[in-house]
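K.L.:
Residues or ranges marked as transmembrane segment by TrEMBL: 12-31, 37-61, 68-84, 90-110, 139-159, 222-239, 251-270, 306-326, 338-355, 375-396, 433-457. Residues or ranges marked as domain 'STAS' in TrEMBL: 475-575.
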Amino acid sequence: MLLRKIIKRQKDIIRHFWIISKCVVASWLPAYRLKEWLLSDIVSGISTGIVAVLQGLAFALLVDIPPVYGLYASFFPAIIYLFLGTSKHISVGPFPILSMMVGLAVSGAVSKAVPDRNATTLGLSNNSNNSSLLDDKRVTVAASVTVLSGIIQLAFGILRIGFVVIYLSESLISGFTTAAAVHVLVSQLKFIFQLTVPSHNDPLSIFKVLVSVFSQIEKTNIADLVTALIVLLVVSIVKEINQRFKDKLPVPIPIEFIMTVIAAGVSYGCDFKNRFKVAVVGDMNPGFQPPITPDVQAFQNTIGDCFGIAMVAFAVAFSVASVYSLKYDYPLDGNQELIALGLGNIVCGVFRGFAGSTALSRSAVQESTGGKTQIAGLIGAIIVLIVLLAIGFLLAPLQKSVLAALALGNLKGMLMQFAEIGRLWRKDKYDCLIWIMTFIFTIVLGLGLGLAASVAFQLLTIEKKCHWLREQCPSPIYFANIGFFRQKLIDAVGFSPLRILRKRNKALRKIRKLQKQGLLQVTPILQEFIRIKVDVYIVGTDDDFIEKLNRYEFFDGEVKNSIFFLTIHDAVLHILMKKDYSTSKFNPSQEKDGKIDFTINTNGGLRNRVYEVRFFNRFIFT
């Protein structure tokens, strides 16, 4: 009897999963505008595919596996996401921070399996057979980590518990990715200098790597160093040009592709491998390798790392997807995103790839070059497939130091997040403290332990902050409940302003043009109501509260401090004075007849009551 119930439950879950995935495809494919979107998607897909090839090769170095496996990681997740994903603009595949996390998990698992720590060093080996066996072991462990991470994501998505990501605040994610970018920077020094550096995955590992690098700096391969510096300088300059003149350039200059072609050609023509003993990508077997069975022992050794990888991958992908969904006005489903990412990682791992999410720079290329749907992602995957099947051999003479330079060129945006410290200090000192401590934990303890310590510290900080805020406000609003508060606001009003706004956008071509020009965007909470001509007033606030909102830069051209009042009575008087009621049918004496609907809503986790007064498309909350 129990077995029947389990089987029935499994069938229900599979049926539920199939219905969801089928609906995702059916929701956008029949509405695809072939004449309007296809050319843009093709152009965007080609540009994105070229970047995906180069980033796949570069980020594979972070996992300590041969570069060709980065192409597998660029291909399979993109195909799966085409059918299951809800974002139209993100490019799914390798992400440097995630690749670094997988690499550390691989290093730890392999070091347990290989007693000789020197055998786990990455560099030139005198014994090619042992080096090949070690590479195979790393690939198997990386694939196993990827499969287990995908299983975790898939389970979270099916069980609809994707909400756990709300406990990764923006300040925590920013501090973590900045520290992780520093880890990536340090890890690539061994390729730029071409040094043999032991792998470390314990606390203080970043400092041990630095000591190892600088203790043998005299062994630097000058050809690799000079090549990497030239590539990094040119890529950085041209990327800055792309950013500054993005409105004038029809498409961004594909500088990574250009420098890769030049570097590979010069390396081949001048025989850098034999003349200067540089480390190169080497031969890549065309096509795909047969699928593998994940290593159960690797599951046991890396399960903690896999939880971190699964959550960071989802948090980054969903954050980037949310930006584009707001900009282009379409809905996202967080649980469906977990399913898409999870199944993509499972398939990718089975075919020897490594875990992915979305790279910010690659998604920016897909969007800025005119990508309209995930058809652009399909075209990009086809470009990766062409390299895998036909022209991969052309990359054989490419120096690994060039790939390291390309990886570093993609870290600028994350390293620039140091500027967040000043902004957070002015806005919210608690968030600033979370950022700083997350950065310190991640630098000192490493990515896995650092993330766990950061989440624990953040939860403690939230409790202390909420305790202080409750003295000021019965129900403090912070990052973990802002979405809940927004939903309660919509429930109290009785309709979704975002849904109405979508309908108006479809009907009004002028608003669409304003959106494309960036003059009109769908933004959370209050601005959505204002833009559909629904006035929202908030009462029960004092001067100190208004002063804090001013300091936090809460107000703008649409949300003004005139929506806040001390009492409901003040707000009602303001509305009556604002509107000319001489021709209106409104009569204050008709309140009992329902012209003013006064309700009290005490549902939800917020402690204070929401008093709601409705009339003439005006809503008052306290």
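Glycine is treated like the rest: Cβ placed from N, Cα and C.
Owing to the predicted nature of the structure, the values given are computational and were not obtained by experimental measurement.
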K.L.:
At a threshold of under 8 Å on Cβ distances, which of 37-61, 90-110, 139-159, 338-355, 433-457 pairs most often with the transmembrane segment (251-270)?
P.N.:
37-61
K.L.:
Checking distant contacts: for the transmembrane segment (68-84), what same-chain residues at least six beyond its ends satisfy Cβ-Cβ under 8 A?
P.N.:
21, 24-25, 52-53, 55-60, 91-94, 139, 142, 281, 284-285, 288, 336, 339-341, 343-345, 347-348, 351-356, 374-375, 377-378, 380-381, 384-385, 387-388, 392
K.L.:
For the transmembrane segment (433-457), I need the partner stretch with the highest count of C-beta pairs below 8 angstroms, choosing only from 37-61, 90-110, 139-159, 222-239.
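P.N.:
Looking at each of 37-61, 90-110, 139-159, 222-239 in turn, the most contacts to the transmembrane segment (433-457) are made by 90-110.
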K.L.:
Six or more residues beyond either end and a Cβ under 8 Å away: which residues meet both conditions relative to the transmembrane segment (222-239)?
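P.N.:
Those are 191-194, 253, 255-256, 259, 263, 272, 276-279, 399-402, 404-406, 408-409, 412, in sequence order.
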K.L.:
Which bits of the chain, at least 6 residues beyond where the transmembrane segment (139-159) starts or stops, bring a Cβ under 8 A of a Cβ in it?
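P.N.:
Long-range Cβ neighbours of the transmembrane segment (139-159): 13, 16-17, 63, 65-66, 69, 102-103, 105-106, 109-110, 292, 294-295, 298-299, 302-303, 305-307, 309-310, 313-314, 335-355.
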K.L.:
If you average the pLDDT over the domain 'STAS' (475-575), what number do you get?
P.N.:
64
